[in-house]
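A short write-up of the structure that comes next.
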Amino acid sequence: MVRQCEHCGERRQALRRPKTGHKVCRECFFQLLEDEVHETITQNQLFKKGERVAMAASGGKDSTVLAHILSELNTRHDYGLDLFLLSIDEGISGYRDDSLETVKRNEVQYGIPLKVLSYKELYGWTMDEIVKEIGRKNNCTFCGVFRRQALDRGAALMKADKMATGHNADDMAETILLNLLRGDIARLSRCTAIMTGEEGALPRCKPFKYTYEKEIVMYAYFKKLDYFSTECIYSPNAYRGYARDFIKDLEAIRPRAIVDIIKSGEDFRISSTARMPVQGVCSRCGYISSQKLCKACVLLDGLNRGLPRLGISRTRGIKSTNGVADIDEKSAVAGAVGNGFSKKLSLEF
């Protein structure tokens, strides 16, 4: 017996939605997912007509589906956005060089301009070179810090008004758990925000905040989108992997657990007695920072001085000579996770 789509009742079932459990046809799945993203965009007023929006593009499933759907919705609902792709070449042989070829094909497929910036031209180092110095244990710290700043620099260079990233619901839930476990009050208070950086020159938004990773994969598969699926060769050692495995286990038991974690994160209220870091700008590069030097400058300083672990070890402070930070192995870098505010997690429910 052929079972019909539970949504339209006309076409044959093709899949069961991981998020809702509904059995739908491909056409309804596409429409439902796109409508949900559109609803997220409109309800949260993520974009304004005429804005120039940079889409962070890695060539992976999330950024590829984001580029496809945002391009479709921009036309369908007349958002009036000027879209372009922004990619960062971290310098990882056998991974990023291949994925960038996918992004270049996406540029042609979607008719969206592409800008590529590299760690080498921005920082003088590739990730391959950094890993040789630091090893594989803490390499994701360097990559995460450098990548975030590189995206902001690229967006500023291209005169973007806003940046859209492919962070999905699974990513959001993982981040909430990580910040809760680390007692990172500053990040915990803002990690559920669908838009961040509104106080700065470049706000970032997450149109996929409530979109499950499995549904993004299904969308890319059934749409036959061109994306790169190989995992970064250095990421298996990332601490985030533990949170990711836990989230997957929860999802297998109760699919709604992902949204429940996000909703719980949104309901956190930080106690007024908790000391929060004051945002300023880096004295060296001008990037936003709660310390005298931003994390990227601290990490880069350590690499250039042959002391790559400076930005990772626990800190006692930074000495200053003639206004320039003087950092040594015993007095590691300020700006490590949790530094600058109370370690005590003070929450009101």
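The backbone N, Cα and C atoms fix where each Cβ goes, and this holds for glycine too.
In TrEMBL, annotation is done automatically, which means it is predicted and not curated.
These features come from TrEMBL:
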DOMAIN    53-247  domain 'tRNA(Ile)-lysidine/2-thiocytidine synthase N-terminal'
BINDING   A56, A57, S58, D62, I88, G166, D171  ATP binding site
DOMAIN    281-310  domain 'Cytoplasmic tRNA 2-thiolation protein 1 C-terminal'
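Positions of TrEMBL features highlighted on the structure.
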| residue | record | contacts (Cβ under 8 Å, 6+ apart) |
| --- | --- | --- |
| A56 | ATP binding site | S63, L86, S87, L151, M163, A164, T165, G166 |
| A57 | ATP binding site | S63, T64, A67, L85, L86, S87, V103, N106, L114 |
| S58 | ATP binding site | S87, I88, S99, V103, G166, F228 |
| D62 | ATP binding site | G166, H167, N168, F208, E213, I216 |
| D171 | ATP binding site | E213 |
Request  = Report, as a single number, how many Cβ atoms besides its own are within 10 Å of the Cβ of G166 (ATP binding site).
outcome  = 24
Request  = Within 10 Å of the Cβ of I88 (ATP binding site), how many other Cβ atoms can you find? Include all protein chains, please.
outcome  = 25
Ask   = Do you know the mean pLDDT across the domain 'Cytoplasmic tRNA 2-thiolation protein 1 C-terminal' (281-310)?
value = 88
